[in-house]
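Going by TrEMBL, these are the annotated features:
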- 24-140: domain 'MTTase N-terminal' (DOMAIN)
- Cys33, Cys69, Cys103: [4Fe-4S] cluster 1 binding site (BINDING)
- 164-410: domain 'Radical SAM core' (DOMAIN)
- Cys178, Cys182, Cys185: [4Fe-4S] cluster 2 binding site (BINDING)
- 413-476: domain 'TRAM' (DOMAIN)
Amino acid sequence: MEKVIDENKQGTSLQLEQKQHNTKKLFIESYGCQMNFSDSEIVASILSNEGYNTTDKIEEADLVLVNTCSIRDKAEQTVRKRLDQYNRYKQNKPNMKVGVLGCMAERLKNQFLEEEKIVDMVVGPDAYKDLPNLLKEVEEGRDAINVILSKEETYGDIAPVRLQSNGVTAFVSIMRGCDNMCTFCVVPFTRGRERSRDPQSIITEIKDLYEKGFKEVTLLGQNVDSYLWYGGGLKKDFSKATEMQKATAVDFAQLLEQCATAFPKMRFRFSTSNPQDMHEEVLHVIAKYHNVCKYIHLPVQSGSTRILKEMNRQHTREEYMQLIDKVYQIIPDCSISQDMITGFPTETEKDHQDTLSLMEYARYDFGYMFAYSERPGTLAARKLEDDVPEEIKKRRLSEVIEMQNKIGLERTKRFLGKTVEVLIEKTSKRSEEEWAGRNSQNITVVFPKDNYKVGDFVEVKVTDCTSATLQGKATGYSSMQS
Ligand code: SAH
Ligand code: F3S
């Protein structure tokens, strides 16, 4: 996923004022998860106070930053190719500085500076507030690095500069890090321990978005169901909290409910849920509030209990199935999506069949599917041999994708003839004459523009569908329209 980020035209007046005086240009690119895109908005905000405005033209940049992903080897290779390209620009513009941010910075640390000498600055995900100091080092001709992981940092006090924004939907980070230690995953190493952000600062950020006309917020975290604010830092230290802190602690269900009630004219989504941490209360909040979208991204990774155990996922196939039952029981019109990994070490044909049958059981609307990629330093890399041949991983992956396409089509068909509520986000890719938006279940809906505009909530009667998209005709504004 490659994206060039542009400056949001809707900054606050304060930001605009600062920007008018800014003379330097920042080109910032993000790869990987939504959290990285959200972090880049924090970085842009910090640097706007240091004299930098963003640009989408790399040729005119004084500073080039790339926010990187380490989740699979391919993600790192993509970034490496980009770094080569930056260095070619640098040959024509020696004063241009290049910095690596995010998970690759954290994973590879000073390797970029010492062995490879391809960048000027290396900054890990918890060190963005140190950017002003690091830039000073770089301006004085020294390499700069900060990859210290923090127990407290949530950037809750920084108002992000919205990048590449449609002015309608935004991401708001509610927590950082992950304590789950799935054996295949590099995230706990690159993003550190789990910590939650003060709910007050979350509500303040959403209020600011609301006042700027935004209509939908996605609450972001590696594991949102584990959100817990008690006034302390690390999640794992909750047992040490005072009685007062315990009594006033806010969990994810409460946070979601606070958001839904404080902003009844905004829609809320969240990502990502982990089956082992998902509580029934969250399902009840989703069911209770119209403005909480009926959609859960609920990665399972495998349908085999044996493989789940090897992955250190804290649930069995059967427990996951019970959770799926509960979701459909409490929220009958809910859509569910998955993440799946094929060819995890020791995966047999039988394990793979278990994955396919679990997919049929869960009736996922869509999913994100990957062949296992061994990541250095993870528990799986240290303890298990990457023993499933590449062609078998790939074959299983295509079977999993085929299964998802089949179920996806069956699932989208359930909307045929029904009327769904859509928030208009942008012009459809297919036609200038049509709008595109999503329904509550996170399915893209395309329909003729008529007199509606971006940011409107409309009712759309569905007349046609593919495995991933609905087609229809707007019949009027929905009750969410202000
Ligand atoms: N909880 C996180 C998960 C981040 S990783 C979230 O917010 O989504 C996203 C997905 O990448 C995982 O769910 C998993 O399916 C996949 N993934 C992670 N490590 C992987 C690896 N080593 N090989 C292949 N896929 C991997
Ligand atoms: Fe990774 Fe598992 Fe956390 S997939 S981000 S260690 S929940």
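Note that Cβ sites are derived from N, Cα and C of the backbone, with glycine treated the same way.
Most Cβ neighbours within 10 Å, among the binding-site residues Cys33, Cys69, Cys103, Cys178, Cys185: Cys103 holds that distinction in the structure as shown. Taking the centroid of the Cβ atoms of Cys33, Cys69, Cys103 as the [4Fe-4S] cluster 1 site, the other same-chain residues with Cβ within 8 Å of it are Tyr31, Gly32, Met35, Asn36, Thr68, Ser70, Ile71, Ala75, Gly102, Val187, Thr190. Taking Cys69, Cys182, Cys185 as the candidate binding-site residues, the subset whose CB lies under 6 angstroms from any atom of ligand 1 consists of Cys185. A Cβ distance below 6 Å to any atom of ligand 2 is met, among the binding-site residues Cys33, Cys178, Cys182, Cys185, by Cys178, Cys182, Cys185. Highlighted in sequence order, Asn180, Met181, Phe184, Val186, Val187, Pro188, Gln222 have their Cβ within 8 Å of the centre of the Cβ atoms of Cys178, Cys182, Cys185, the residues recorded for [4Fe-4S] cluster 2, and are not part of that set. When the Cα atoms are compared, Cys182 ([4Fe-4S] cluster 2 binding site) and Cys69 ([4Fe-4S] cluster 1 binding site) turn out to be 17 Å apart. The domain 'MTTase N-terminal' (24-140): residue composition by secondary structure is 60 helix, 25 strand, 32 coil, according to DSSP.
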